[in-house]
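Chemist: Before we start, here is the structure in question, set down as structure tokens.
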Amino acid sequence: MDAAVQVQRKKASNGAQVRNHWNVEEAKALYDLPFADLMLQAQRAHRKNFDPNHVETASLLSIKTGGCPEDCGYCSQSAHYATGLKATRLMRCADVVATAQRAKDAGATRFCMAAAWRTPKDRDLDSVCDMVNAVKGLGMETCVTLGTLTPKHAARLAEAGLDFYNHNVDTSPEFYSKIITTRSLQDRIDTLAHVRDAGIKICCGGIIGMGERVEDRLGMLVLLANLPNYPESVPINLWNKIEGVPVEDTAEPPDPIALVRLLATARVMMPRSVVRLSAGRQYMTDELQALCFLAGANSIFVGDVLLTTNNPKVDRDADLLARLGITSGLA
């Protein structure tokens, strides 16, 4: 047996804390543990920091769809590709609040608002800040994703009372340039630093199933875990099939057990993060989702649509959580 695997297996058996400064080799040794040992370590980390029978429920709305100048090779909203998606203007605040109220009535406790921009213009940011303030007035947590931010942008959002800012790193540093060329990984990391400096919590994760290697998935986790403060929320997305984008030619759905292993590894590496089982759940069986929750995933998006792709029906989610004895709400 490899020495690194022996060390990780020993830690799984005695409950010792895994170090905070990670490299891909350590993450791979953890990921490759015998399944029961990995799940045990993930459960220990999960139970130490969260109620293991509870998931956070969030809702996601595209407040400005399509026409994005970035060339992210996985995205239906990029203006670089003919995906058949019609670009829209920024929604009115009243319409956003009405949607948030419906999401709250359906059980969501966090409302996430996404705009397909490279970076927000000042007048648009003012409108988003009004939305944040109004949604918070409903008693919901707020999250927005608006592209890259300057320190001034982040400070303005903090002043509006924003709880979370989502800005995914998407994949490993090594695979990044194969899917995006118009925005560097450092641009993303700089935005995360501006958000953190403004006192806003970070939501940051990535996408799997784009043709990347297992080492790329783990490299993404290492990047996140080694940030000065790792994200409070880590969404793991399965790529949703979108016709007309470059990733369509390289995509390969991950093996279900590989997904569970990745979630368990994320849970151990970032034990205090909310790990969100995000896009792609409509392709998963109930049994797979149950394993994902057992691995430490403790957040989902509820609602029939995620931006431009489908999501499990609300009734299906409610039935699954009830059968598992899992409550939902704020994490």
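Cβ atoms here come from the backbone N, Cα and C positions, even for glycine.
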Chemist: Given that Swiss-Prot assigns C143, C203, R276 to the [2Fe-2S] cluster site, pick the one from C112, C129, C292 that the record assigns to that site as well.
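Modeler: [2Fe-2S] cluster site check in Swiss-Prot: besides C143, C203, R276, the record includes C112 out of C112, C129, C292.
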Chemist: Please compare the binding-site residues C72, C143 by how many other CB atoms fall within 10 Å of each one's CB, and tell me which has the fewest.
Modeler: C72
Chemist: May I ask which of the binding-site residues C143, C203, R276 is closest to C72 ([4Fe-4S] cluster binding site) if we compare their C-alpha atoms?
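Modeler: Closest by Cα distance to C72 ([4Fe-4S] cluster binding site) among the binding-site residues C143, C203, R276: C203.
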Chemist: Let me make sure I understand the structure: which of the binding-site residues listed (C75, C112) has the fewest other Cβ atoms within 10 A of its Cβ?
Modeler: C75
Chemist: Find the average pLDDT over the domain 'Radical SAM core' (53-272) in the predicted model and report it.
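Modeler: Here the mean pLDDT over the domain 'Radical SAM core' (53-272) amounts to 94.
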Chemist: Spatial neighbours of C75 ([4Fe-4S] cluster binding site) among the binding-site residues C112, C143, C203, R276, defined as Cα within 10 A: which are they?
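Modeler: Close binding-site residues: none.
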Chemist: For the binding-site residues listed here, C68, C203, which shows the highest count of neighbouring CB atoms within 10 A?
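Modeler: Compared across C68, C203, the most Cβ atoms within 10 Å surround C203.
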Chemist: For C203 ([2Fe-2S] cluster binding site), what is the secondary structure state per DSSP, taken as helix, strand or coil?
Modeler: strand
